[in-house]
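Working notes for the structure below.
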Amino acid sequence: MDTAYLIQQLINGLTLGAVYALVAIGYTMVYGIIGMINFAHGEVYMVGAFLSLIGIIVMGLIGVTWVPLALLIVLILAMAITALYGWAIERIAYRPLRGSFRLAPLISAIGVSIFLQNYVQLAQGARPKPIAPVIRGGFELLTSEGGFAVTLSYLQIFIVVLTIALMIGFTYLITQTPLGRAQRACEQDRTMASLIGVDVDRTIAMTFVMGAALAAVAGMMVTLYYGVIDFYIGFLAGVKAFTAAVLGGIGSLPGAVLGGLLIGLIEALWSAYFSVEYKDVAVFAILVLVLIFRPSGLLGRPEIEKV
Amino acid sequence: MSRPLLTVEHLTMRFGGLTAINDVSFEAQAGHITAVIGPNGAGKTTVFNCLTGFYKPTVGRLTLTRPGSDQSFLLERLDDFRITKTAGVARTFQNIRLFTGMSVLENLMVAQHNRLMRASGYSLLGLAGWPSFRKAEAEAVEKARFWLNRTGLIARADEPAGSLPYGDQRRLEIARAMCTDPALLCLDEPAAGLNPRESAELNALLLMIRNDYGVGLLLIEHDMSVVMEISDHIVVLDYGRKIAEGTPAQIKANPDVIRAYLGEDDEAEGAVA
């Protein structure tokens, strides 16, 4: 096992981690603002992946062959439509239950999750959908004496750069814009936020919209990266992103990003040095350990009782 | 004479068998400080909760007319956030409710949410650094700084609101309420827990808000030195009923009020009054 191999795994892990981070943000934001785990979020990501797949195929059919333009159009459409899904889910399945007991929205979320899986299975078929690689090629960074070549594909660069750009925009949105301020205010005291004139319902809806849009980007990345998707990918990716959010500290945005990257790295390194079959076991073992020993996560604040 | 800022008509609020407020009517004028006083449990905070949409009154009508316009709002029919957004009612709490994790300045910025949302195209243009958003944001900061100056908090603008001392938090809550551009400002025991010096500063602040902004203030207060000194009009509640109404001088001399505060005038107690 030489350094070149390790570097390659780190590159792969970071790419995967970027995808998890984007999904994890959706979990952590929704938890932050209404204190519920949106278990349908993985399925939202899956819907985003399917929309991207369809979009890419349609772009090919209508003859948009310049890849950056095609991807940009697909990205915007996938984000917009998935955001609509996010909005509708909140409106139909969660908002009516907001005043209800704590478990009600959770059960509703599981219902939405099952619904979306079956809906996509019915609409798109149960068989995995392949797609031809859209972004090909890459750099060969270095070759070790053993003949192992470290490659950094253009696709990996695309994924990481897009993730970083989204993170910057997103951080700006949360810290500097009125919407972000309103979200943070609602996170702390929803009643008070409405008393200073903030439309709390709309702010919560926007949180779902933003989370879903980011999940759509992750879905598109995965479609491009693995080249094959099916109606069931949302479950595993969703639980892993949830693990990432918990690891980073649920409710904390930087935590979600950190957690996502760590989970991606752990998964890649575990597959490389131990066994591919048990990579999911490694990830979920971390979920268990974090929940036992550090429930507030790496960057989360400990739960403080409101007086 | 123009219509009063706030008209409360036959307000009744029942919780099951308990009647917290029973047929209370009063008015509050713009540019006046109207105090609502009464012994503990008289229903003062319940009146506020009805005004700000926490409770929907069992019976009664709450009409707010913004000065300078003929537009009236029936507060009991508005969604909670519209009471602040469109009707212009702001409120502070007995137990302070700041956004403790946000900075002092941000607390005042979030209070100007609706104007900034419009200027920033619901944050989409804001994301692109649109000029109109930058301008609105600068104005909002300016306004926030103005109120921080007025409340003496300017040096602490970037600290988390939760780290301020108690008296500062009270003033910040008032500053935040003022940043929503209210027509009516409801203050629930603003002087509670303040020392005499802070309480004198508070009086000055409230008088300034009344005189310079023409805002109507509705004040729940136990501290009679505050009430008698700054109120233009006093409404006295006892067991959910209005027992008296008038100027501070009239209220001081009103036997019903004295009885409500000091107990029935049957034995030795009466002599104390």
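Cβ atoms here come from the backbone N, Cα and C positions, even for glycine.
Taken from TrEMBL, the feature transmembrane segment applies to A:18-37 (among others).
Taken from TrEMBL, the feature transmembrane segment covers A:44-63 (among others).
Annotation source TrEMBL lists transmembrane segment at A:69-89 (among others). Sequence-distant neighbours of the transmembrane segment (A:69-89) (same chain, 6+ residues past either end, Cβ-Cβ under 8 Å): 40, 44, 47-48, 51-52, 55-56, 59-60, 112, 116, 134-135, 205, 208-213, 215-217, 219-220.
The annotation transmembrane segment is assigned in TrEMBL to A:101-120 (among others). Below 8 angstroms of C-beta separation, residues 34-40, 42-44, 46-47, 50, 85, 89, 93-94, 231-232, 234-235, 238 of the same chain, each at least six residues beyond the ends of the transmembrane segment (A:101-120), sit close to that stretch.
Same-chain residues lying 6+ beyond the ends of the transmembrane segment (A:154-174) with a Cβ under 8 Å from its Cβ atoms: 11-12, 14-15, 18-19, 21-22, 25, 133, 135-138, 180, 183-184, 210, 214, 217, 221, 224-225, 253, 257. Summarising the annotation, TrEMBL assigns transmembrane segment to A:154-174 (among others).
Nonlocal intrachain contacts for the transmembrane segment (A:204-225), taken as residues 6+ away from its ends with a CB within less than 8 angstroms of a stretch CB, comprise 15, 18-20, 22-23, 25-27, 29-30, 33-34, 38, 41, 44-53, 56, 71, 74-75, 78-83, 85-87, 89-91, 94-95, 131, 133-135, 155, 158-159, 162-163, 166, 170, 173, 179, 183, 186, 233, 237. The feature transmembrane segment is assigned by TrEMBL to A:204-225 (among others).
Per TrEMBL, transmembrane segment is recorded for A:282-300 (among others).
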Surrounding residues of the transmembrane segment (A:282-300) on its own chain - C-beta under 8 Å, 6+ positions past either end: 239-240, 242-243, 245-252, 254-255, 258-259, 263, 266-267, 270, 274
